[in-house]
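**Student:** Pasting the feature list from Swiss-Prot:
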{"type": "BINDING", "residues": "Gly120, His121, Ile122", "note": "(6S)-5,6,7,8-tetrahydrofolate binding site"}
{"type": "SITE", "residues": "His225", "note": "site 'Plays an important role in substrate specificity'"}
{"type": "MOD_RES", "residues": "Lys226", "note": "N6-(pyridoxal phosphate)lysine"}
Amino acid sequence: MEYSDVPKFIRDVSIKQHEWMRESIKLIASENITSLAVREACATDFMHRYAEGLPGKRLYQGCKYIDEVETLCIELSKELFKAEHANVQPTSGVVANLAVFFAETKPGDKLMALSVPDGGHISHWKVSAAGIRGLKVINHPFDPEEMNIDADAMVKKILEEKPKLILFGGSLFPFPHPVADAYEAAQEVGAKIAYDGAHVLGLIAGKQFQDPLREGAEYLMGSTHKTFFGPQGGVILTTKENADKIDSHVFPGVVSNHHLHHKAGLAIALAEMLEFGEAYAKQVIKNAKALAQALYERGFNVLCEHKDFTESHQVIIDIESSPDIEFSASELAKMYEEANIILNKNLLPWDDVNNSDNPSGIRLGTQECTRLGMKEKEMEEIAEFMKRIAIDKEKPEKVREDVKEFAKEYSTIHYSFDEGDGFKYLRFY
């Protein structure tokens, strides 16, 4: 390939990506789609610029307008989450977690968090952010039948182990975690409580999930691009008392420049969430429950039927124990992709953490299809597409044609100030 051909190659591949997504059912629980206004903001001159430090206290010149943008982000974040302090500079949820780990612990301290098979994010584990800080990770007691932390056993373990930091939240997250149950024990042993809300930040913002800052958490960290429908990035909400400490551990601790164009997009997404977040989050959870019920009725072993399956955006399926399914979770994930149904295989609590290539489960999320206008009726259709492949054993390429026709009807962004085409390719030249 000639160097001069690279721009055209990238444009062609990008257009293919847009069209593929237009014709696909998108069920990855850690993704979402932004509004056109957010995209426009992310494509501004801010992408070329650099800023270190806080608004009004920059180490670089030329920041007067990004100061306005970031100040607005901070104020809207505080309003949305009813927080005393917000830092919007983390470039991801993992970076937000790392900043809190550095602010509140020292090497050798104990961190209490979910194990990865029980739903903990990899950044909670010794191989990632927790290990970078040199923390000793102890795991929350977990009840796989309830798909949640065992609150009584957790309190006992806090009193016995005396962790420095107690972390809630995770990647497999169908139900609120027992934050309030941990508060008294945490106070007794001198532990701080932090909540990784990366997956459920949009549901918290929409007032449809738990409110960790009111339940005893001093920190709420999160990604701004999962159930929260902004550009990729991270945020930390905390108290006034923690403000200087966390700000200094974000910069210069773990962030230098903080992707200024994404802050412009984030400001718009925050405004959208303040305006539309409650209705959006309600529908996300309604859709998750409807999808879970429809799959369960079609022979999938959807976990926690006795609890109405889920209280979040996530639907968890144990493929290995679904009697009518002869494929593995890994095989099915690939087959669904061939049919333009995009989802992921996932470890479940009874899986070996080292067997992530061949886990028992599949994880689904309803946040993106909700933003594209789908409701409960469409969840029935999605479940039927999934059944045709997993149980009826139809060829993925045959199902794909029906999926494409279905998905193309849902390409308009909802819950935004500009209900435009979510998959239109925007050209600059």
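Positions of Cβ are set from backbone N, Cα and C atoms, glycine also.
In terms of burial and nearby residues, how do these features look in this structure?
**Tutor:** A sphere of 10 angstroms centred on the C-beta of Gly120 ((6S)-5,6,7,8-tetrahydrofolate binding site) encloses 26 other C-beta atoms.
His225 (site 'Plays an important role in substrate specificity') is surrounded by 26 other CB atoms, counting those within 10 A of its CB over all protein chains shown. In three-state terms derived from DSSP, His225 (site 'Plays an important role in substrate specificity') belongs to neither a helical nor a strand segment and is classed as coil.
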**Student:** From the Cα of Lys226 (N6-(pyridoxal phosphate)lysine) across to the Cα of His121 ((6S)-5,6,7,8-tetrahydrofolate binding site), what is the distance in angstrom?
**Tutor:** 14
**Student:** With an 8 Å cut-off on Cβ-Cβ distance and a minimum sequence separation of at least 6, pull the same-chain contacts of Ile122 ((6S)-5,6,7,8-tetrahydrofolate binding site), or say none.
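**Tutor:** The list for Ile122 ((6S)-5,6,7,8-tetrahydrofolate binding site) reads Val116, Ser128, Ser171, given in order along the sequence.
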**Student:** What is the set of residues, excluding Gly120, His121, Ile122, whose C-beta falls within 8 angstroms of the centroid of the C-beta atoms at the (6S)-5,6,7,8-tetrahydrofolate site?
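**Tutor:** Sorted by sequence, the hits are Ala113, Leu114, Val116, Gly119, Ser123, His124, Trp125, Ser128, Gly170, Ser171.
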**Student:** Sorted by position, what residues of the same chain at least six away from Lys226 (N6-(pyridoxal phosphate)lysine) have a C-beta under 8 A from it?
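**Tutor:** Once residues fewer than 6 apart are set aside, Lys226 (N6-(pyridoxal phosphate)lysine) is near Ala29, Ser30, Glu31, Asn32, Ala198, His199, Val200, Leu201, Gly202, Gly365, Gln367.
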**Student:** Among all protein chains shown, how many Cβ atoms are found within 10 Å of the Cβ of His121 ((6S)-5,6,7,8-tetrahydrofolate binding site), not counting that one?
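**Tutor:** Here the count is 26.
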